[in-house]
Every structure is written in C-alpha cells, then in structure tokens.
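Q: Structure in structure tokens, see below.
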Amino acid sequence: MMMISAWDRWFSTSCCLCCHVRTGTIILGVWYMLINAVVLLILLTALSDPEQYHLTSAELANDLDVMDDANMCIASAISLLMILICGMATYGAYKLRAAWIVPFFSYQIFDFALNTLVAVSIVVYPNTIQDYLQQLPDNFPYKEEISALSNVCLVLIVLLFISCILGFKAYLIACVWNCYRYVSGQGASEILLYVTTNDTTVLLPPYDDSVSVPPKQGPPPYTTATA
C-alpha cells in the first residue's frame, strides 16, 4: 500500500471550482497589479499636488501627520515593488517558470503572518479596539454606535472578520502553492529519468526524444558468393 504525503494529499490543479491553478495565479497576479497600480497613481497624484491631498493632524484627530511626503514616497516605492513582484508571478505562471512565482508566494506568507499577529494582538490586548475607535474622526459613520458596544462584542466581531480574511488568504496561498508545484512538475518532466532496479540503474531519455530519433539503418541484404 502506497503512503501519500500530506503535501500530495492537498495538491490540486483546480481552484475556484472551475479554473486551473495556472489561470487562477495569473488572474490573481493581474488583480494585485491593478490594485497596486491604482494606489501608485493616487500617491503620485498626491505628491504632485500636496496641498489638495494633505491631511493635517486636526483632521485625523491625532498627533500624527501620516500624509507627509516621506511616507507617501515610501508607500509609492512599496506599490512599485508589489507591481514588480505580481508581474513576476504572472509571467512565471504563464511561461512555466517556477522560480518567478516564489517572491509572490513569499509575500503571501508574510501578509498572512502579519494578519495573524494582528488577530493575536487583539485577543491579548482587547482594549486596543476602543483606543483605535477614539482616534477616529468625529464624523466617522456609526462611530458612536460602535463605541457603545462592549469590549467582548467588539473583539468577537473583529476576530470573525479577520478569520474570514485569513481563511480567504489561506485559500489563495494554497492556489499559488499548487501552481508552483504544477509548474515545477512540468519542468521536471523534461529532465532525464532514472529507473532503479534491484541491482542496476538505467538512464532513460525523455519519451519525446526517444520517439523523435529515427531508426537505425538495417544491415545490407545477404548475397550468396559465387565462384
């Protein structure tokens, strides 16, 4: 009886119930590129006209001025880097280059770990939700109604919301990982195969190469020698 590893048990070439993992990874990469391109466009527009998009500390109801030029330049650089990473993943899935998918997969793992830490911090420090609500502007929609809820209710609502986000992100990570395994498997099929028996190891060429080799010419016909 063959033993199936945990990685092979969860491996699938389909995602979203209808499309291939390559198609899903390409769509995901293009979607992330579009989002980061829009964010980059907004940030560049804000840098070009700082007076219109500048938010003061009074408008933010705190002591920080988060929309200064330095922070917007950093955010623009991050958006540009994300566009590059997503473009690499899209190209790698399209051209069957597994190494190009690794940066995007690493970003997904980092983002998932960061969101998990946020959920853990909410459980450990539940009062942070109330502190965050107090920092919101007075004209924020439903601020008074939300602030009136108890800490336990707020923690449960936030944890439920973050759990849904983490579940969705975990599914996307699984799709990209399955695409990476599929692309790696396609690349490995072009390598020479080693067939091991009890006492010998035979090196076999790929099937396509062996079929394309023309057959050797047979020996010349035998003729009877005459005296």
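The backbone N, Cα and C atoms fix where each Cβ goes, glycine too.
It should be emphasised that the depicted structure is a prediction, and the values quoted were computed from it without experimental measurement.
TrEMBL lists 21-47, 74-94, 101-126, 146-168 with the feature transmembrane segment. Residues annotated as region 'Disordered' in TrEMBL: 208-227. Residues or ranges marked as compositional bias 'Pro residues' in TrEMBL: 216-227.
Provide an account of the burial state, proximal residues and distances for the features listed.
A: Within its own chain, the transmembrane segment (101-126) has Cβ neighbours under 8 Å at 25, 29, 32, 82, 85-86, 88-89, 92-93, 151-152, 154-155, 158-159, 162-163, 165-166, 169-170, 172-173, 176-177, 179-180, 183, counting only residues six or more beyond its boundaries.
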Q: Under an 8 Å Cβ to Cβ limit, what residues of the same chain, 6 or more beyond the ends of the transmembrane segment (74-94), are close to it?
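A: Beyond its ends, the transmembrane segment (74-94) has Cβ neighbours at 22, 25-26, 28-30, 32-33, 36-37, 39-40, 43-44, 47, 100-101, 103-105, 107, 176, 179, 183.
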